[in-house]
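Copied over from TrEMBL, here are the features:
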- 102-222: domain 'MTTase N-terminal' (DOMAIN)
- 170-423: domain 'Radical SAM core' (DOMAIN)
- 426-501: domain 'TRAM' (DOMAIN)
Amino acid sequence: MHPFQCVLRARRCLRRGPLASVSWLLLRTCRAHSSVPSFACPSPQRQQEDGVWKDFSSRLATGPTFQDFLRSASVPPEQPSSSEVEDPPPYLTVDELLGRQRRVYLETYGCQMNVNDTEIAWSILQKSGYLRTSNLQEADVILLVTCSIREKAEQTIWNRLHQLKSLKSKRLRSRVPLRIGILGCMAERLKEEILNREKMVDILAGPDAYRDLPRLLAVAESGQQAANVLLSLDETYADVMPVQTSPSATSAFVSIMRGCDNMCSYCIVPFTRGRERSRPVASILEEVRKLSEQVLQLIRERDNICKQIHLPAQSGSSRVLEAMRRGYSREAYVELIHHIRESIPGVSLSSDFIAGFCGETEEDHLQTVSLLREVQYNIGFLFAYSMRQKTRAYHRLKDDIPEEVKLRRLEELITVFREEATKANKSFVGCTQLVLVEGPSKRSAADLCGRNDGNLKVIFADVEMEDATDSGLRVRAQPGDYVLVKITSASSQTLKGHVLCKTTLKDSTAYC
């Protein structure tokens, strides 16, 4: 069979069956050889008969567990991408693929996927030696990550290109030429129209071609327009760790798939982003782990973030946790606790516990007691188990723990929690704590209530105090104020002390 015919047959197969990865391997084989035997595409019915589609419960059983999110959990190594193992094309040298500290300015338009694409593109360029700039005037490369979901979105890019045309024409001859690139969905949809209509555009890169950006920019350096808008059946950028492009970002997206197979009658996405494919679980977990580490680092470093983390345990028994379908063991939970305390010294921990869950033995209960003693939580929420209709436990398990046993176990848990919380909270006695005032105490109109850095309740007298921000002024604390309170006593629920002065978050010098 002629290679071109083989490719056509492979493409028809991709449309008919969901075994895209197999068909793609065959398609690649067709491209690599001058003649390849013909092959037949499996029908959807045959695929189902062969057990290709697995039920949800079996896939869930083999999915990630809580252990996968721990720092020490091993991650299967990702295979290096072809762009990393292949030599540069014969018309370029390795040195020409390097950014040589040219400055890149990135603008993102459209959806969250485009935000993620921007982070991927920047990660690739950063590794190639490019620098990032937020100043359009000092940029050597301007890249627009575009959207094609509506005509208005594309018109926004056309207008932006007209604005950039003057910037490019006024570029000083003493500087390296300014290169402008269109990335993402609009590059994929319009292709030649962009290159022909706007001669100022130097490169085009579709959503699956970001690995090729260093080569495209190198080609553009010779004065040629360069484009790669090939869609892929397997590109997920699994081995590319996105780099957040906004230092002040308050959230982050983790992409778990690319493309779409739904083919809604009104939507362009399948044609601009290609067929649906999922990222490997290992790469998703690695990205989530790194984001989690960043969150812990921020909590440690930023004074305006409360140093308290809520980690519901529910039980100290791995057997009960499995029956609860919590997805982690006692050992994994304790390891996470140790990691958090290493990352954030002095962190306050809270948790939830259920006494008397279905099938809980006395030994299981004692393991929960020992977990309370081992972790020594500052705040706890403990309850006796109450069967709820429609839950899995209602349909699959038996509520076999007598009510009096549940209540007895709950009382024992509460007693142990209070003992250990009191020990933990007494470590604050003699310390000066920065407290955010919430308002009057519920138990005494003569007292005020607030929260310290660990979200612990602090009670102190509502009296006049010095205002450290205005020397000589004496004031009463108001809700929203920061005050310094020296702790004089502690219980399992609250800290008590006497107020020293009003201050600010910036000026406070709370210490033990």
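Note that Cβ sites are derived from N, Cα and C of the backbone, with glycine treated the same way.
Small disclaimer: the values here were computed from a predicted structure and weren't measured.
Helix first, then strand, then coil: DSSP counts for the domain 'TRAM' (426-501) stand at 1 helix, 41 strand, 34 coil.
Residue counts for the domain 'MTTase N-terminal' (102-222) under DSSP, helix first, then strand, then coil, are 61 helix, 23 strand, 37 coil. Confidence across the domain 'TRAM' (426-501), taken as the mean pLDDT and rounded to a whole number, stands at 94.
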